[in-house]
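*Asks:* Relevant sequence annotations retrieved from TrEMBL are reproduced here:
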ACT_SITE  R209  active site
ACT_SITE  E238  active site
ACT_SITE  H255  active site, proton donor
BINDING   S45, T66, Y259  substrate binding site
BINDING   D147, T176, D233, G258  NAD(+) binding site
DOMAIN    21-276  domain 'D-isomer specific 2-hydroxyacid dehydrogenase catalytic'
DOMAIN    114-257  domain 'D-isomer specific 2-hydroxyacid dehydrogenase NAD-binding'
DOMAIN    290-378  domain 'Erythronate-4-phosphate dehydrogenase dimerisation'
Amino acid sequence: MLIVADENIPLLESFFGDIGDIRRVSGRTMTAADVQDADVLLVRSVTRVGPELLEGSRVRFVGTATIGTDHVDQAWLAERGIRFAAAPGCNANSVAEFVLSVLSVHAEVRALSDWTAMSVGIVGVGNVGGELARKLERLGFEVKLCDPPRAEAEGDEEQFVSLEEAMECDVVTLHTPLTRDGKHATFRMLDAARLDRLRADQLLINAGRGEVIDARALHERLGQANAPRVALDVWEREPRIDPELVERVWLATPHIGGYSLEGKVQGTEMVYRALSHYLGLPVRKKAGQFLPEPALSKVSFTSAADEQDALRIALRACYDPRADDARLRAAMGGSADERAAAFDRLRRDYPVRRECSSLKVQLKGTSKSLQDSFRAIGFKLKI
Ligand SMILES: NC(=O)c1ccc[n+]([C@@H]2O[C@H](COP(=O)([O-])OP(=O)(O)OC[C@H]3O[C@@H](n4cnc5c(N)ncnc54)[C@H](O)[C@@H]3O)[C@@H](O)[C@H]2O)c1
Ligand SMILES: O=C(O)[C@H](O)[C@H](O)COP(=O)(O)O
């Protein structure tokens, strides 16, 4: 059996080496010739999967080791009887931690003594938005949830607010899929009119897909005096992103919200499980067995004078978005081709990033509420 796979999928050999021969190719530039003789195709989000890639091939199974599926023509695959599997939720915790870290930097820049004083509107309350909401609520934030498809399906209008109401919050964070059709299509959902209503004291985060915001309208809005602060992890036309937009946003990261090691390896694991089920093979491997000891495994705080400092230090010891922001800005020189290559390189060579659950936190003489906050984020506590 021949498995053609994006070379950026981690642990290919460990998970799939005993299932078939693996041909590693660049996900971004994969062509029909690369996959023609394959039985199985494994991708991440940068490969468009549909008739152009697969017509005439013998591929029977396609797996994407990602949450997002907007790069896959699922209707066409179903029509051809090609089995498809994604990795729902694989990196949801990683994105939630990314947003928490962005919030902590934002609160510090705004000199807020208590970050929970900010209200947060979550747009798209699925695996990512739901995980983020759970953490924020446990931390004591006021959270507003906007998810019209869920509100309709669950008949629970009370739990959810409108997009307009969510966009009144101090922080608005986007976690919807990219969809182009239907009543709840998200393509350019944040258009010029909606962006105009944002205030200068608000923070807008997009960690869903770039095209959910009208990038041209955002570019113009950010040139105005009362512009909101914006953190973008995802961009229109990746990897050929707009360098002027990078300059105008407050925080710019190269689509790495979900790039914790745990998130990436879980993506591989979920596709491995789906392929094993499809082939009738036993599932013997688990993501956890391949995760190394983290470089930083313990941190200890004694009667922290400023308890929020302790939380901030631990959170940023695991992940600080300013490092990714600095790397992306530094990569924005040169021609459009050079910038696109640099964007992909930053993602390919991404440093190992571990989730908060990999860090044991020892707390001595600290308050119960600080302990609860550490737990809410996902740290392992030793008291
Ligand atoms: N930045 C990153 O690295 C990164 C990582 C993972 C996922 N993502 C993106 O985030 C998206 C969400 O991930 P998820 O795991 O939460 O997906 P999910 O499918 O579990 O949840 C998405 C939620 O969005 C809701 N939704 C759909 N249309 C909406 C609309 N118009 N308004 C408000 N809500 C709407 C859905 O009802 C659903 O509850 C993915 O599709 C992917 O594109 C980005
Ligand atoms: O959809 C997802 O899971 C994320 O956007 C994912 O992190 C994208 O990473 P990529 O597939 O581009 O490496």
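For all residues, glycine too, the Cβ spot is worked out from N, Cα and C.
TrEMBL does not curate its annotations; it predicts them automatically.
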*Asks:* Max Cα-Cα distance in Å among S45, T66, Y259, the residues listed as binding substrate?
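*Replies:* The substrate-binding residues span at most 12 Å between Cα atoms.
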*Asks:* Using a 10 Å cut-off between Cα atoms, which of these recorded positions sit near H255 (active site, proton donor): T66, D147, T176, R209, D233, E238?
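*Replies:* Within 10 Å of H255 (active site, proton donor): R209, D233, E238.
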*Asks:* Of these recorded positions, D147, D233, E238, which scores lowest on Cβ atoms within 10 Å?
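*Replies:* Checked D147, D233, E238; of these recorded positions, fewest Cβ neighbours within 10 Å: E238.
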*Asks:* So how many of the residues in the domain 'Erythronate-4-phosphate dehydrogenase dimerisation' (290-378) end up helix, strand or coil by DSSP?
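*Replies:* Once the DSSP states are binned, the domain 'Erythronate-4-phosphate dehydrogenase dimerisation' (290-378) shows 49 helix, 10 strand, 30 coil.
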*Asks:* Measure from the CA atom of R209 (active site) to the CA atom of E238 (active site) and give the result in Å, rounded to a whole number.
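*Replies:* Taking the Cα atoms only, E238 (active site) lies 10 Å from R209 (active site).
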*Asks:* Could you state the whole-number distance in Å separating the C-alpha atoms of T176 (NAD(+) binding site) and Y259 (substrate binding site)?
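*Replies:* Cα-Cα distance, T176 (NAD(+) binding site) to Y259 (substrate binding site): 18 Å.
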*Asks:* What does the structure give for the C-alpha distance between S45 (substrate binding site) and R209 (active site)? Integer Å is fine.
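*Replies:* Computed Cα spacing between S45 (substrate binding site) and R209 (active site) is 11 Å.
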*Asks:* Provide, as an integer number of angstrom, the distance between the C-alpha atoms of D233 (NAD(+) binding site) and Y259 (substrate binding site).
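*Replies:* That separation, Cα to Cα, works out to 11 Å.
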*Asks:* DSSP on the domain 'D-isomer specific 2-hydroxyacid dehydrogenase NAD-binding' (114-257): how many residues come out helix, how many strand, how many coil?
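*Replies:* Taking the domain 'D-isomer specific 2-hydroxyacid dehydrogenase NAD-binding' (114-257) as a whole: 48 helix, 26 strand, 70 coil.
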*Asks:* Going by C-alpha positions, which of the recorded positions (D147, R209, G258) is nearest T66 (substrate binding site)?
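*Replies:* Nearest listed residue in space: G258.
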*Asks:* For G258 (NAD(+) binding site) and R209 (active site), what Cα-Cα distance in Å is obtained after rounding to a whole number?
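*Replies:* Between the Cα atoms of G258 (NAD(+) binding site) and R209 (active site), the distance comes to 12 Å.
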